[in-house]
Amino acid sequence: MKPHGPIPPGFTADDDGMLMIGSDRAEALVDAAGDTPLFVYDSALLTARVAEWRAAMPDNVQLHFAMKANPYAPLLAYMARLVDGFDVASGGELKAALASGMAADHISFAGPGKRDRELEAAIAAGATLNLESAGEAERALSIGARLGVTPKLAVRVNPDFDLKGSGMKMGGGAKPFGVDADEVPALVRRLIDAGADWQGFHIFAGSQALDAAAIAETQAQTVALAARLADEAGAVPPLVNLGGGMGVPYFPGDKAVDAAAVGAALAETLDARDRALEDSRFAMELGRWLVAEAGVYLTRVVDRKVSHGETFLVTDGGLHHQLAASGNFGTVIRRNYPIAVANRFGGEAVETVSVVGCLCTPLDRLGDQVALPRADVGDLIAVFQAGAYGASASPATFLGQGPAREMLV
Ligand SMILES: *Cc1c(COP(=O)(O)O)cnc(C)c1O
């Protein structure tokens, strides 16, 4: 038997043992959607998460949603009313962000390899470009000149440190992301001298960290770096985007990040900040921490079989919707996501089974030798932490399967 990750708090069963998502039975949601596989996102959990963040963080820090974690249009429209800005990473995401109702001047666009038409769309709309290189800066300036629009430009900094214990390192050393810190002051001068509307810095040092002390240390380094660069450039950054990094517990032994501790440390860091940043505003950009726990992936058992003594529950879902849960999205060692039998939720585990998907590849495993209540053909399996990097980060067309259904409740 191999353990699975912790079921997120806030999920309960009704008297029949059916998983409740918000005020709805999981089975009823599947009926309403028409079929499995289905992603359900619980809006009350989104609201609660944002409220938790705001209660924890100092007042002068804004909350941005990194929409690559979940670009489902109804969820974006919902988040647009809750957060202070969206961070997008492609022309397609920019379009979706604008369609969600988020104001263009609260949208920033990062990401390497922005094509001219993407730069143009952002400048024309009035969104901020987080510049990834000096070359991109020149292209943005000339597009602005051609359009007769003053471009809003921030500089993404490749910091010389990274977030300790983070699942995905985005700073420190040679990177395709951002401008090396040493070259930033000259680039800021160039932007200001060219008449651009310089918006400040974007400094993102890593992702999926659970240790509040590590996040706090990175934020302190980030604020110090922003102050040094502002000082060297001789200009006050209107906004310093401190990045994100707050992760979620996916795997056995993972503990939720202590948001209150992150917020308390950040308040101290900002209170003690250098005068170079006295008039700056600050933001954090979060993806998975805001949306992962609100999502549940529901898939139905199609077959139950035994091979060489191992029991398999074969479902109608799989890695084409939940690549990360299958262990094939940037994880080194495959471990089990939180998983349950939705219609025996909270029931006693009586057997060890492997929950697999319907794809003809051994990679397609949602739960590897997990202890679960008995499940048979027709029963529902729930995979948790499914609100981020699920539907949009999985190869939905692989093997001709097609996308899962999605719904916001
Ligand atoms: C992916 C990404 C995020 C979001 O990361 P999470 O781990 O989902 O919070 C934030 N900022 C940037 C620049 C990113 O690339």
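Cβ atoms are placed via backbone N, Cα and C, with glycine included.
Where the annotation comes from TrEMBL, it is an automatic prediction and has not been curated.
Copied over from TrEMBL, here are the features:
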type	residues	note
ACT_SITE	C360	active site, proton donor
DOMAIN	39-387	domain 'Orn/DAP/Arg decarboxylase 2 C-terminal'
DOMAIN	46-292	domain 'Orn/DAP/Arg decarboxylase 2 N-terminal'
MOD_RES	K68	N6-(pyridoxal phosphate)lysine
Across K68, C360, listed as recorded positions, the smallest other-CB tally within 10 A is for C360
Give the distance between the Cα atoms of the residue listed as 'N6-(pyridoxal phosphate)lysine' and C360 (active site, proton donor), rounded to the nearest whole Å.
-> 28
DSSP-derived structure type at K68 (N6-(pyridoxal phosphate)lysine), helix or strand or else coil | helix
What does DSSP call the residue listed as 'active site, proton donor' in the simple three-state scheme?
-> coil
